[in-house]
């Protein structure tokens, strides 16, 4: 029996994992979105459900300078003596910090800011009580001036830290430059089989991505490079899974070993991956020399053998009825939401979204709630009750990558009549369709997604579906649009410069693939 990757599909990069008993917990990067750092739970490493977000308060995540693909980079999740620690970087303000909790389902602490700079921080708790912080550092990434490094190229730096204060107890030191690939980053330090193992990513997070590893008798080195580095890469292979890297190791409760890592599934010609980087799972064995053998001799094949412990699935939830007191944790905003932007209480079973003067081209501050598109082929629909009173007032659903790249199916007013129109923003090119006339009453907005095409449709009771227009996914991909994220499916409303406008009521959001 085998399984197929990814195990968490859609925009969920830079996974980090830890185990407590027979429970597994995993976090991924969230970048410019809030709440930050989605938190997942599994009992079998294959079936994951999101149970919350780590950073849920402005005191934990302050976007001092919001930007697409800014915010939260590469979290690491660890569990030590009953406490969970999540350490990460806010590149939009503050640098490296960690938060902690004793209750994985509860709230996390406010940040403890770390003196050591760089990105991709990771905590390691040694047997002697010492705590080490490793991070990636290179020219252009901040480090406090009193601990500037002599190297002006990328490397893995480390210090012993005071966990209570975040201060360095030893001067940060570059301990490894990797095997020669560009951008050595994503470090994790482990102690296994009586030795210290340092695992990193190299090559950049595109097609040349790879995972390399070294070991030592000391956490400071010198490091012996694994003789079969890179221990995992699919570069230059004809494989549906590419750009594999940024991994983390976990020992399962049955003694088997596994790696989670990011990867993409390119589509079309030329190949792009508009869903972004997804979470993959790879089996790991240890050879007689004490080195890990990842996947099929360092390659991830399309099918991998199942874990040898029982599977544990979670109930599927394809429709969002907006009936609970809180939104599902998968829903996020662009930075911090404006006050009063949405409500679930005003009309039970509907999400009330209040637009403002900001529009999607502005980014932060727009009335937007989004969730990752998780399948290349899927049908998405939502019911919308919205009556614009003047031209420029709009509400609808968007296929969103960033403020310069998005496709928006909107209800608006044109020449005094309510219409559904498609607006496509691709860099400095903006295309508007003529629009489909609407009757009074609610409207169902639909998106039919295929790997090579989005089709946008509208329907009202007693009428046939009308195709409003279509768009090419490639222009929303990181390869074209830039950045580190992936396509989001967003509910949106805007007054396009007007601060006051009627609210939009969304219900029965459905995504089925």
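Note that Cβ sites are derived from N, Cα and C of the backbone, with glycine treated the same way.
As recorded in TrEMBL, the features of this protein are as follows:
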type: ACT_SITE; residues: 14; note: active site, proton acceptor
type: ACT_SITE; residues: 185; note: active site, proton donor
type: DOMAIN; residues: 320-510; note: domain 'Beta-xylosidase C-terminal Concanavalin A-like'
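According to DSSP, residue 185 (active site, proton donor) sits within a strand segment.
In this structure, residue 14 (active site, proton acceptor) belongs to neither helix nor strand by DSSP; it is coil. Mean per-residue pLDDT, taken over the domain 'Beta-xylosidase C-terminal Concanavalin A-like' (320-510), amounts to 96.
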